[in-house]
Amino acid sequence: MGKHILALDQGTTSTRALLVNKAGEISHLSREELVLQYEHPGWVEVDAEAVWRSAVNVIEETLRSSGLTADTLSAIGITNQRETAVVWDRATGKPIRPAIVWQSRQTAELCDELKRAGHEPLFREKTGLLLDPYFSGTKIAWMLRHTEGAANRAANGELLFGTIDSWLVWKLTGGKVHVTDATNASRTLLYDIHERRWDESLLALLGIPRLMLPEVRSTSEVYGVTDAGLFGGEIPIAAVVGDQQAALFGQGCHRPGEAKNTYGTGCFMLMNTGEEAKASAHGLLTTIAWQLEDRVEYALEGSVFVGGSAIQWLRDGLGILTTAAESEALALQVDSSDGVYVVPAFVGLGTPHWDSEARGSVFGLTRGTTKAHLVRATLESLAYQTRDVLTAMEEDSGMRLTTLGVDGGAVMNGFLMQFQSDLLGVSITRPVQQESTALGAAYLAGLAVGFWRDRDEVRALKQVERTFEPGMDEALRESLYEGWLRAVRAAIAFKG
Ligand SMILES: Nc1ncnc2c1ncn2[C@@H]1O[C@H](COP(=O)(O)OP(=O)(O)O)[C@@H](O)[C@H]1O
Ligand SMILES: O=P(O)(O)OC[C@H](O)CO
């Protein structure tokens with residue numbers, strides 16, 4: 001048995017590989033940025049070949065910098081941005097067009113068509129999701145409709161579909177293994193999360209041939225080994241898990257009622273609900289937390305589409321920041337956002353509104369507004385959106401949260417974390433190891449190959465770096481939040 005698990009974390013904006021040892025310590029992180037394509041307003045795509053190349057590069061770099069060889073690794077655990085859809089040619093392994101990223105709105109019309117025909121309750125009941133362009137199903141249907149000859153080729157078994165995990169496993173195994181896991185399947189809009197199978201009636205509604213779909217396996221098992229030609233030896237691939245579920249596992253939220261929020265490109269709060277798939281009355285998603293052997297556990301999820309990417313917009317779109325980290329000092333230059341609210345609905349709104357037509361808006365500008373106010377209001381928007389989600393979560397689960405575990409790129413921002421704690425009235429714990437997603441994938445892979453004994457062993461590895469306690473006066477907190485609710489209502493009303 002080797003001394004390390006390699007975690008491959010394929011996110012929206014970057015691909016990372018890192019090593020995890022038995023104590024849950026991380027070393028030799030290698031990272032490659034990805035270029036997203038925004039060809040039309042509301043569309044977000046990425047070159048699946050570039051994603052694949054980035055995965056090879058970061059694994060090679062991690063091996064090189066650590067001096068380890070492939071056969072000294074115990075396993076690879078893969079975690080990935082979810083819903084992003086790839087369709088490729090079975091024979092050549094080439095994608096038929098760019099992958100459609102989870103944030104993309106290009107299937108809004110198709111979703112509306114299906115809603116008008118009254119199909120949403122069926123999708124909601126079987127998959128725990130909603131008819132929103134976010135999920136993979138309509139993205140696959142769109143590719144089949146908009147790529148010449150694709151529908152016929154798919155029906156003949158010449159094309160394969162996969163979320164990013166499937167695509168990477170296919171490539172890593174040299175085109176031998178076409179699988180996904182239950183967490184990723186639960187984000188496709190095609191998988192019955194109760195019966196645990198691809199659903200023929202949903203496939204028929206979307207015109208997707210069953211032949212294209214991967215086999216659905218558990219979240220923690222050996223699916224195959226990496227092609228010996230790639231890294232100079234075979235490495236067992238022993239976990240596949242959607243990144244938000246991986247973070248839930250990595251944060252040690254293994255018991256019902258435990259929750260985490262990840263602040264990456266988007267913000268995703270997941271609460272473990274155990275073996276019960278709880279339906280939501282407030283726009284949350286019911287999703288599979290993980291499948292271990294034959295046992296499935298579920299989660300309630302609130303999905304916020306634009307989180308850290310609003311900070312990237314300040315940096316790259318407006319040019320008022322040179323780095324995302326600078327946003328903290330700027331926000332702290334002012335005592336408040338002075339009545340300014342930024343609603344970053346750049347690609348519509350997810351939980352609890354599910355409005356794919358809404359667009360971003362800024363409210364409350366005066367002649368005295370400075371870039372510090374705008375930056376602060378943008379950071380605050382992550383916290384306000386999270387409060388919307390937590391309110392829904394508490395109403396649906398009937399549980400009151402006292403502590404929230406956090407992770408993701410933006411949690412380094414101390415201003416944001418304190419404001420978040422103030423606004424929720426909840427303690428926030430930031431772990432020492434903020435790569436919860438990669439840790440979750442490593443733990444799940446390690447459990448499959450006997451690197452760790454059981455869940456309790458990995459849960460005990462978590463260490464808290466800092467706790468943020470709520471300190472804001474309640475009247476102020478509620479009046480600030482009132483302003484946010486007004487701003488969101490106005491943003492939704494603006495779309496005409
Ligand atoms: N100090 C910071 N303050 C606010 N946002 C930050 C900070 N550092 C990084 N971010 C944001 O975090 C995001 C990157 O987080 P990460 O977890 O790597 O995302 P993903 O996995 O979605 O690619 C970016 O959108 C970036 O703008
Ligand atoms: O790329 P991330 O880490 O922001 O995650 C994206 C989510 O999985 C989308 O559902």
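Here the Cβ of each residue, glycine as well, is placed from N, Cα and C on the backbone.
The record from TrEMBL ties T12, R82, E83, D243 to sn-glycerol 3-phosphate, and of the options Y134, Y191, Y298, Y341 it ties Y134 to that site too. Under the DSSP three-state reduction, T265 (ATP binding site) is assigned to coil, being neither helix nor strand.
Ranking the binding-site residues G308, G409 by how many Cβ atoms sit within 10 Å of each one's Cβ puts G308 at the top.
Cα of E83 (sn-glycerol 3-phosphate binding site) to Cα of Q312 (ATP binding site): a distance of 22 Å. Here the binding-site residues are S14, Q244, N413, and the one whose Cβ sees the fewest other Cβ atoms within 10 Å is S14. D243 (sn-glycerol 3-phosphate binding site): 30 other CB atoms within 10 A of its CB, across all protein chains.
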